[in-house]
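Enquirer: Checked Swiss-Prot, it gives:
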ACT_SITE  ASP212  active site, charge relay system
ACT_SITE  HIS243  active site, charge relay system
ACT_SITE  SER409  active site, charge relay system
DOMAIN    175-473  domain 'Peptidase S8'
CARBOHYD  ASN44  N-linked glycosylation site
CARBOHYD  ASN52  N-linked glycosylation site
CARBOHYD  ASN171  N-linked glycosylation site
CARBOHYD  ASN175  N-linked glycosylation site
CARBOHYD  ASN230  N-linked glycosylation site
CARBOHYD  ASN300  N-linked glycosylation site
CARBOHYD  ASN513  N-linked glycosylation site
CARBOHYD  ASN579  N-linked glycosylation site
CARBOHYD  ASN902  N-linked glycosylation site
CARBOHYD  ASN954  N-linked glycosylation site
SIGNAL    1-30  signal peptide
TOPO_DOM  182-1000  topological domain 'Lumenal'
TOPO_DOM  1022-1038  topological domain 'Cytoplasmic'
TRANSMEM  1001-1021  transmembrane segment
Amino acid sequence: MKVLGEASSYPYRSCIIVVFLSVSLFWLRPSTYHPQQQNLNPENVTRLESENETKTNYIIRFKQYKPAKDHRIYLESKVRSGGWGWIERINPATKYPTDFGVLWIEESGKEAVVGEIERLEMVKDVNVEFKYQRVLLGGSFPDGKKRPGKIFTSMSFEEGTESSPMADTSNTTLNWSRHLLAQKTQVTSMFGADHLWKKGYTGAKVKMAIFDTGIRADHPHFRKIKERTNWTNEDTLNDNLGHGTFVAGVIAGRNPECLGFASDTEIYAFRVFTDAQVSYTSWFLDAFNYAIATDMDVLNLSIGGPDYLDLPFVEKVWEITASNIIMVSAIGNDGPLYGTLNNPADQSDVIGVGGIDNDDHIASFSSRGMSTWELPHGYGRVKPDVVAYGRDIMGSKISTGCKSLSGTSVASPVVAGIVCLLVSVIPEARRKDLLNPASMKQALVEGAAKLSGPNMYEQGAGRVDLLESYEILKSYHPRASIFPSILDYNDCPYSWPFCRQPLYAGAMPIIFNTTILNGMGVIGYIESPPTWHPANEEGNLLSIHFKYPDVIWPWTGYLALHMQIKEEGAQFTGEIEGNVTVKVYSPPASGESGPRRSTCSLQLKLKVIPTPPRAKRILWDQFHSIKYPPGYIPRDSLDVRNDILDWHGDHLHTNFHIMYNMLRDAGYYIETLGSPLTCFDAQQYGTLLMVDLEDDYFPEEIEKLRDDVINTGLGLVVFAEWYNVDTMVKMRFFDDNTRSWWTPVTGGANIPALNNLLASFGIAFGDKILNGDFSIDGEQSRYASGTNIVRFPAGGFLHTFPLLDSSESGATQNLLLTEASKEDPAVLGLLEIGEGRVGVYGDSNCLDSSHMVTNCYWLLKKMLDFSSSNIKDPVLFSKFAKRYSPVIIDEKQLPSRRTDVNFSTYSSVIGKELICESDSRFEVWGTKGYNLHVRGRNRRLPGYHGIDLGRGLNFTVESKRPTRWRSAKEGGELSSSRSKSLGGLFNRDEIDMPFLVPTRWIVLAGVVASGVLVLLSIWRIRQKRGRRRRASGSNRLA
């Protein structure tokens, strides 16, 4: 019996060991924090997390300028909450009144403190203080990790160095011997500056503010360094990097080997960047205020970045120009990509400068337009304003001697030097009456030489012509004008993209967005609605709706033309010419009795054709695209490591411009819809093209699209992108600009939303991230971080390819690999349903010119031929690809929305009104759309919670407690309530985990299941032994 007792206790000991191992495996799992994935240096992790949990700096903007101590006393007397303090700023601006203060606020009570401050009568707003890091935008994300600081463009760079942006994407071919010769040519002589020098104009008595890295007081290249100020936290006025010195040399250097344009210009060096190229918003705001107080004439800022929603910075730039300071800024070094304009150069009141090489070609590094502020309902403005030489420009070294640098941050001081020279042309007594940001821009753009080849969104008005601008200023009288002043459909390629597609009746409005330059005053008004004056009878076929601001301030405004051909012009072929005039007036200047008035004119030369057949018309969905700013929208291709943001606009005329040209070459006509899908008439279009979309859909849109396809015969082509919760979790990082965690709002595309849209067609995408090369009928293509098709109806054609799935870790693959998962994933599907046809593909990188490896324009054309004209390519519609049974997946296995992020902040759908905006046909403006001509109502879809839209526009605020939870597979993290129910073992932030959440639970479940099996075995053994004892006892009794 003793031996039996020892043996029987063994299973119990085994059970205890199994349970112990189960708990240990979970508790000793890989750390949930991984510095590399959080994009922070290990030594900084603890400090940054600690700072994030304790104190955050906020900028408090006031409605009035007062001494800083008065603002501090006001806050201390009004704010009753604790946990905050005033931060003293010791700098040269201290002696002047200010309109802002900087506070530290403890994280634990920030909501109460910020709310109380925002309700104060004298407070304008409250914003998190930003930190700026001046680095190449493409280099802001080494190995896919964000560097500390706000994303900004690079300083200038030396050719051939690693810092040369886009070195492998240059679109310029240079003759090397000529290149070396040109390198020795003075940039001043290339613009003819010596002609003005001979007339005695050298920039005298012009106050030039250089916002950069400082300058040395005893530098021999400069005649008049009037003042040096330091706005950083470093105790030095000197330039230890060399960039500020170089910029000053281009503007005002006097060394014969690297002459500046205006050697007698008075230099005011504002050191706003540290030696590590770091700056803070408050430093800029103080320095800007000081520039205003000390009455600067010109200001050069050779920086820029994509965030045009940093309101304290943007609005302070407006205040700078409103104070009659002419600001010049670099347009950015993110070329040759389109849609990459940098702020503040993209503001209409700033002179934005692009770069050209010595052969008058647009430099490969120079950012291209259009501006993207206006999307999706409007259209971008023309930027840059002008271009200037920016490759191998000679300038001053840090202490003595000369060197050459390249970049738009070099082209910017070239123009700033020209501006200083032009300012000195006007007698000092008349300068403030004649010169201002608008009149100087008028002189530059009207005098510029248009280059042959580049379009208006690459070169603006063209190359700066110093002597022509000089002639304009000599006879200048205050007036208003429009830029560009002409839209000519015969002037291709300058008028691209307009000249690529004629107008026709029934199309969505063509929007042309112009800038009003008001040289008459800082404030102006439109006297009466703009007027269209056709040059001939045919001009009456054109219908124009105008949009313009109530007030033109500071110095600039906009005039947007929304143009349609009337229905009676459906068969017209020819040209329409005429002028649009707009009358502008400003208050009288000092000594004048009446307002200043001016009539601006915009010349139109438009081509019109008969309305194309339905099969040749494509509608592009712009409305459901979300970009940065304001949301953290991750890159589409995860292989691209130097750019983590999707910020190029995703527009036909930005990063999809090559695709647009291809479709036009193929005979298709493409129109843009910036409103919901209820706002177009499906009978007019062969195909709705939906590419790389991140937003959700109104229920009315889903219902209408189903009817449009099945009953109206609309074709539908969808190019999706990756969506994987675990990958999005890993892309989360702590941003020391905003002292907050950034997490992707969605994946490369919003797959859960697309699946809702496609559900009525029996189609759904999955959450795999697929990569690899494949070919169809000899056409090679690269699948770059695309998704898979997991649901597809019978009767359609579905194509699979052997692609690598990078969405699973090695551990997950080992555990979950089954026979079914070894099948090649489906990525391309074609389907006839009802009267319409649908084509879906899981990757859009092959259409996006920003980070394309190989294009798939050939595939897009085949899909459009099918969806619009029912032309079936024999390879795509091979019998081997036909599905005789549906591909089915359980609803619970489909990718689900993330409920731990405030998606409504960035969405045009969630919590918003369904309404057709001014980009849609005139007849449905302000309605819910076709057959729904009533005002829309706010809609909130299930699974989303509302938030305060007044703050947090530049980052994603994560919910501490997700509102609901479905499964680890669907959402990727546990609810906090569930965590607490397990004895506090799971109280860490699960969203930080680098190890896949489903994997961990499967491992744990496997171990626990093993333990349960052991217990069952023990129970069965005991049952058998019990029966044996009873049987033995019965036998003895017998």
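For all residues, glycine too, the Cβ spot is worked out from N, Cα and C.
Given the structure is predicted, the values throughout are model-derived calculations rather than measurements.
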Enquirer: When you tally the Cβ atoms that lie within 10 Å of each candidate's Cβ, which of the glycosylation sites (ASN230, ASN300) has the highest tally?
Expert: ASN300
Enquirer: Could you check which of these glycosylation sites, ASN300, ASN513, ASN579, ASN902, sit within 10 Å of ASP212 (active site, charge relay system), going Cα to Cα?
Expert: ASN300
Enquirer: Compare the C-alpha of ASN300 (N-linked glycosylation site) with the C-alpha of each of the recorded positions ASN230, HIS243, ASN513, ASN579, ASN902, and give the closest one.
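Expert: Minimum Cα distance from ASN300 (N-linked glycosylation site) across ASN230, HIS243, ASN513, ASN579, ASN902 lands on HIS243.
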Enquirer: Along the domain 'Peptidase S8' (175-473), what average pLDDT does this model show?
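Expert: 94, rounded to a whole number.
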Enquirer: Taking only the Cα atoms, work out how far ASN902 (N-linked glycosylation site) lies from ASN513 (N-linked glycosylation site), in Å, as a whole number.
Expert: 32
Enquirer: May I ask for the distance between ASN513 (N-linked glycosylation site) and ASN579 (N-linked glycosylation site), taken between their Cα atoms and rounded to an integer number of Å?
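Expert: Taking the Cα atoms only, ASN513 (N-linked glycosylation site) lies 15 Å from ASN579 (N-linked glycosylation site).
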Enquirer: Let me know the DSSP-derived helix, strand or coil state of ASN230 (N-linked glycosylation site), please.
Expert: strand
Enquirer: Of the recorded positions ASN230, SER409, ASN579, which one has its Cα closest to the Cα of HIS243 (active site, charge relay system)?
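Expert: Comparing Cα positions, the closest of these recorded positions turns out to be SER409.
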Enquirer: Which residues of the same chain, at least 6 positions away in sequence, have a Cβ lying under 8 Å from the Cβ of ASN579 (N-linked glycosylation site)?
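Expert: Correct list: TRP532, HIS533, ALA535, SER601, LEU602, GLN603, LEU604.
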Enquirer: Which state, by DSSP, holds ASP212 (active site, charge relay system): helix, strand or coil?
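Expert: SS state of ASP212 (active site, charge relay system) = strand.
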Enquirer: For the recorded positions listed here, SER409, ASN513, ASN902, which shows the highest count of neighbouring CB atoms within 10 A?
Expert: SER409
Enquirer: To the nearest Å, how far is the Cα of SER409 (active site, charge relay system) from the Cα of ASN230 (N-linked glycosylation site)?
Expert: 21
Enquirer: Have a look around HIS243 (active site, charge relay system) and count the other CB atoms within 10 A of its CB, chains all included.
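Expert: Cβ-Cβ neighbours of HIS243 (active site, charge relay system) within 10 Å number 23.
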Enquirer: With H, G and I counted as helix, E and B as strand and the rest as coil, say where DSSP puts HIS243 (active site, charge relay system).
Expert: helix
